[in-house]
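Here is the structure we will look at.
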Amino acid sequence: MAEPPAQDLLLAAAFVSDAQYNRNIPFKTSPEAVRLYYLYNHWMMRTATYFFIFLNLSLAMFEEPAVYPLPFLVTSVLEVLCLLVFLGRLAHFATVTLHSVFWKDTKNICIMVAILLSLTDLAIYGVLRVYGVRSIRWSRIVRPIFLINFAESRQIRRAFRSIRNTLPEITYVFLLFMFSLLMFSLMALKLFGERNLQTAEGLPYFRNYLEIVFDLYVLVTTANSPDVMMPAFDFSSWYALFFIAFVIVNTYIFMSLFLAVVYNNYKKHLKNEIRKLAYMKRRKMIEAFNLLKEEEGEQLVVREARWKQLVKLVAPDISNSHRELLLRISDNEQKGFVDKKSFVQLADLLNIQVVTLKLRSHPLARWVPRVYGSAASRLLRGLVRHRAFVWTYDAIILINAIFIALDEETPYISYAEWVFLALYITEILLKVYTYEPRAFFGKTQFWNWFDTLIIFAALTATILNATLKSTTKYNSQQILDIVFILRVLRLIRIVDSIQRFRVIMNTLINIVPTMLTFGGLTLGINANPWMAGPWNCCVLCVCYHWHGAIPREDPVLPCRLERSSRPGMREPGSEGFPVCPGEVLQEQLQRLRLVLHRPHGAHRGQPVARLCQRICQRDGPACQAVLHCLPHCDGDNHCQHLCVLHLGSFLCGVLPGEERSGNCHRAENPGAGNGSSRG
C-alpha cells in the first residue's frame, strides 16, 4: 500500500495533539483549515489570549472608583484593545471549525454578546461622561465570560460544570439545614424575647425573628460566637445548653453532612467528565490511526517510519533518545510497525514526563584534570556526598534559628550572622565543586535554586544593611526588615532534610497547576459581585475533594509488573482501554509504573551513569532517558514525589533479580547521594 500523503500526516498529528491535551474542537479537515488550526493552538496565540483576558479583568482595579484610578481614556483604549483581540480570536476560531457547530455553540454566542454589551456600555458611559452625567459601568459583570468561554479555558469549564451539576443534589440538605436554623430561631425567640435582655452595645437581644435568624447563622460560622451567646449566658448559665445543642446540630452535624454530600456528588460528576475525556481521546486516536494505517498481513498497522514522522510533528521538542524509547514501548517486539492497540496509547505516552540525562564531566575535570582528580579533591568530594555533610548543615540551620530569635543589637549576635552566611556560601560552593553545575542547577532541582537565591539575596541585603548602618542620614529599617525575612526563609531548608516534610512540600509544588484551575474559576466568580457569595463555599469544598488523597494503588500491580516483564507473559484482562486517564490500565503503561516505596535510609541504588553504562551495551540510545514522574498519579499524593527508576533497565532486564522483585531503588539526582535533594 502506498504511503499516506503529507496532508494526512498533518491531520493525524492534529488529532493526536488534541488527544494529548484533551482538546475537543471539531475543526475542518481541509489543508488550509488544518494549518490555521495549528496556528490557533500555537503557544504564543494562547499566551496572548490569556494575557488580554487577565488585562481585561484587571481593568476594574484602575477604573473609577479605584484608589489609584487611571484616566478614562487609558482604560477605555485598553478595553477596546482587549475586545478587538477577543473578536479576532473568535474570528480565527470560526475559520477552523464547522459553521454549523460554531453558531450552535453557546460559548461563542456568549462571547459575541459580551463584546457587544461591553462596547455599548463603554460608548454610553463615554457620552454621559462628556456631558458630566455620572453613571455606572454595568458591563464589568460580563468580563468573567471571556475567562470561562474561550476554548483555552476548557479545564475551568469542566470544573464549573461539575460544580453546577452538584448544586441541585445538595438542595435538600441545604433546605433541611435552613429548617433547623428557623426552628432554633423560633425557639430562641420564645426563650429570650420576653426577658428584655441586651447586648454589650445596649441593643435589644433576640427580640426580632429575622435578626435572630441572622445571628444564629453567624453562630454557625463560629464568627463572633461570644457576642451571640454571652448575653443569655450572663442571665442564666443553663441557657448554655441551648447553644450547645444548636452548635452540635447545625455546626458539626449539618456542616459535615453538607460537605460530605458536596464531596460525593462532585466526585461522581468528575468521574463522568473523565469518562467523556477518555472516550474523546480514544476516538481522536482512532481517527489518526485510520489516516495512517497500512496492511500488514491480516492486520492494519502504522509503519515505524511513519510513526516517527508523526511523533516528530506532535512533539518536535523531545530528543531522539526519548522518541526511540517511546517506539520501543509501542513496538516492544521490534516488528517495524505499531498495531492499533499500541498506537492508541501514544497520547498517554507523550504525557509522561521524561528527563534525558546527558552524561557530562565536571568542567574542572576538563580544565584542571590533575587537580580535580587528586587524592585531596576526591576526599573532599566524598565528604560532600556523605550523609554526615547534610546532618552537619542541618545542625547549623537549627543553631542559626536560635541566633535569629536572639537580640540583633548584641554585637556577638550580629557577628554570628556573617559566620552563618559564610558557612552557607561555602556549602553551595562545595556542592557546585562536587556536582556538575548544569545538573546541580537543573530544571528539577528546586531546592538547589531555592538555597542559592535565598543565600545570595540575604548576603546582598546584609551587606547593604551594614553599609547603611554606617551612615546616620538614612533609615535602613526597610532593608533590615528584608534581612530578617530572608533569615527566617533560610530555615525552610530544614524541611527538605526530613523525608515526610519533603513529600508534603513536593506534593504541594505538584498540585499548583491544578490549584490554578480553581484559582481561575474563583477569579471569574469573584469578579462578578452577584455570584461571589454563594459560590465560594462550593469552590472550597471542591478543592477539598480535588486535592484529597484518594488511594488508587493496584494491590496486584507489583505482581503484574513482574509477570509482564518476562518474555511471552501477558496479564489477562490488560487489553482494556482506561475509563479514567488517572488509572493506567494498558499493559505497556503497566511496565512504566515502577513507583514502589523504598524504606528511608536503605541502599541508594546504582547511579544513573553506571546504570546507563550497563544498559547502553544492549539497548543503545533509548536508555539515555529517565522517567522523572508520572502524571497519572494525580490521585495519589505519595506517588507525586517519587522518582522512577531508569526505564531502560526494566525493559532490557539487566537489573539483578532482587531489585526487580523487591523495592525499586531511586536513581540518584545530582547531590542526592547524601540523602538530601538540596544537594
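Glycine residues also receive a Cβ, built from the backbone N, Cα and C atoms like all the rest.
Bear in mind that the values here come from a model prediction, so they are computed numbers and not experimental data.
Among the features that TrEMBL reports, transmembrane segment is placed at 43-62, 68-88, 109-128, 170-189, 238-266, 388-406, 446-468, 504-525. For 48-268, 387-521, the entry in TrEMBL reads domain 'Ion transport'.
Segment contact is absent for the transmembrane segment (170-189) and the transmembrane segment (109-128), given fewer than three CB pairs below 8 angstroms at sequence separation of 6 or more. In terms of C-beta pairs under 8 Å, the stretch of 68-88, 109-128, 238-266, 446-468 lying closest in packing to the transmembrane segment (43-62) is 68-88. Of the ranges 68-88, 238-266, 388-406, 446-468, the one with the most Cβ pairs under 8 Å to the transmembrane segment (109-128) is 68-88.
In the domain 'Ion transport' (387-521), helix, strand and coil residues by DSSP number 112 helix, 0 strand, 23 coil. Across the residues of the domain 'Ion transport' (48-268), the predicted structure has a mean pLDDT of 90.
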